[in-house]
Amino acid sequence: MTKLYSHFETGIEKYILPAATKFGQNKVIQAISGGLMYTLPLTLGASVFSILANFPIPAVDKYFSTLGLTAHFNAVLGGTLNAIALFIAFSIPYAYTKLLNRSSANPLIAAMLSAASFIIMMPQTVGKAGKISALSYDYLGSSGMFVAIILGLVIARIYVWLSGKKRLVIHMPDGVPPMVSQSFEPLLVSLLIILGVVAVRIVLGFTPLKNIFSLVQMVIGGPLLKLGSSAPALIAITVIANGLFFFGIHPNAINSALMPLLLTFAMANVEAAQKGLAMPYKDIMILNSFLNNDAVGSTLSLMAVILIFCKSKRYRSFSKVAIVPNFFNINEPVIFGLPIMLNPVLLLPFLISTVVTASIGYLGSITGFIATYNQALALGIPWTMPKVITSFFTMGWQGVALRILCFVLVGAIYLPFIKALDKKELDKEKLDLAHEQLTAEKASMNLVKE
């Protein structure tokens, strides 16, 4: 078994790592990755308040609500995770413009133009009967991430291109202070970009879709929903949804389209149980529960593997911070901070883990190993409740046993991939340390000579 892992790890280092390195050198990929890294302080900090706002112990959660604290915790989420697309619309064009490295382009201007364009593209009213002017969190949060990424890259590229056109740059007289002059230089460029964004908004407004967010939802969510509700289809849809996380598209873009169907199944199970009948969708709902053994991609196993087997400071220090929110099913720090997003080496185990855990859960149900399922209780448990605890209350010890089995198997799947990355990072850290020591020695020698 050890030799097999060794050969597998060598294959990853020989074939996958070089391709991943080349992929990572693309400026668009670097911009997306760098832009998302800028948001890490927000996602990590907000994850604590996400646990507090949806505390997995009902008595404590009720106590927080009675004190009025839950509303304040949710306010933190409203200004961070629930508005993450807005921050991405700012950070990615900022990173992209810096990478393009044009003296005529100001990264901050590109970022502001992109954020403004993102808001312009959003519906500006909410409600149907009595519409009020407001921005909906439906677009500011995870569902708007893909639009934010695309807009950020496009706006930044157009801004850099137009900024290189001397005729479009307003030059002030020499006596004007630099701060004032720099403020006037991008006026025409900014106007052209905003006009273009408004034109796109108007055109989409005349279509049945009405806005760019609905267009993305139709392209991504619609076709997948038509695949049906069978076990293979549900696993396939989830694999595709999780795979989109690799490109920065939150699985909610697809999962939200499935929610009405899954809720229908859940309510049918509850009604059947109340009448003392067999639940018609027990197997599919248990499968749904096991699609991710904890957070998306079952990354709690990955965090544990890093702590046990990895040696590099980068991965170990990150895992120590991220494993706690990860235990409570909060995955954004791992996706954007490790990262898994735009990391080809971790994509394969990230997707395979879904197939493995879902298959184990489904087999456990259809074979009768998991004999009972408390659907009504499952509907009422907060999503931040660790899956192993949820399984104990809804499926008994059998559910816990399968969770532990999945945890170990997924860890084994991730191990050779993360070990290959860890070895590369460890070599880099050794080189950096040697360089620092050499620099320090040279500095001390210069002091002695003086």
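The backbone N, Cα and C atoms fix where each Cβ goes, glycine too.
Caution: TrEMBL annotation is automatic and unverified by curators.
Copied from TrEMBL, the annotated features are:
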DOMAIN    12-417  domain 'PTS EIIC type-3'
TRANSMEM  35-55  transmembrane segment
TRANSMEM  75-96  transmembrane segment
TRANSMEM  108-127  transmembrane segment
TRANSMEM  139-162  transmembrane segment
TRANSMEM  183-204  transmembrane segment
TRANSMEM  224-246  transmembrane segment
TRANSMEM  290-310  transmembrane segment
TRANSMEM  391-415  transmembrane segment
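Among the listed stretches 75-96, 183-204, 290-310, the one sharing the most Cβ pairs under 8 Å with the transmembrane segment (139-162) is 75-96. Taking Cβ pairs closer than 8 Å, the transmembrane segment (75-96) reaches residues 27-28, 30-32, 34-36, 38-39, 42-43, 45-47, 49-50, 53, 107-108, 110-115, 117-119, 137, 139-145, 147-149, 151-153, 155-157, 159, 248, 332 in its own chain, all 6 or more past its ends.
Same-chain neighbours of the transmembrane segment (183-204): 106, 109, 113, 116-117, 120-121, 155, 158-159, 162-163, 165, 168-172, 210-212, 215, counting only residues six or more beyond its ends whose CB sits under 8 Å from a CB of the stretch. Using a Cβ-Cβ cut-off under 8 Å and counting only residues 6 or more beyond its ends in the same chain, the transmembrane segment (391-415) has close neighbours at 5, 286, 289-290, 293-294, 298, 300-302, 304-305, 309, 346, 349, 352-353, 356-357, 360-361, 364, 369-375, 377-378, 381. Summarised as a single figure, the pLDDT of the domain 'PTS EIIC type-3' (12-417) averages 83.
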